[in-house]
């Protein structure tokens, strides 16, 4: 584990321990609504404080971009951390174990390091550009399925901005008719890690934020998968529209999506 990932993991583990304690008494967790179906809790905020303080101490010249508190550090910094202190807040608040801490490091705008930590399972996904992806120190690879009708596809519903719900449901209906099934588990970082391990053969979602997808996308890429936007291009981090899959089914997924967008 290189120094960047070591620092990230130590901070994520501390934040994860705090989450596990909080999960034992959810009635005491204070929650606010940022928008319709978009919640934030004091657990999100406390996790972010732990992560930001650790990164600032280790790397005072790095920029840090967070879901809850925005940007820290110089805008022109060569290194930038993108972190989601609690991906899957709604899951967490309902006692569902599918939530994670997501941390990615960019150098001059290029993803270099990624860590996704799932506290309930104590699962640590990580990747370094050009060096592969790991789950709990074991190398992971995307699936090798070819036929779409044998593939399991992950996705996420557009519950915050529902303006494109009809279009999304048309896409989902098409996928459900042509695949082995779909899953909506509520934490994009872990959905992407599921692609990286082969548990999902593909994943798609619209209108996500950089902290939702930056770390998971690099983990998919380093596990042998491909990540694109809905047009098959490389603009997914900017647009928030993402498709991730093993190389053998990506084109089939894009064909279905393109018929509706």
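Heads up, the Cβ atoms here are built off N, Cα and C, so glycines get one too.
Here the structure is a predicted model, which means the values were calculated and not measured.
Swiss-Prot annotates 67, 86, 87, 88, 89, 183 as substrate-binding residues; of 27, 32, 123, 212, the candidate listed for that same site is 212. Of the listed binding-site residues, namely 84, 87, 212, the sparsest CB environment within 10 A is found at 212. Residue pair residue 67 (Mg(2+) binding site) / residue 89 (substrate binding site) shows a Cα separation of 12 Å. Taken residue by residue with DSSP, residue 87 (substrate binding site) is part of a strand.
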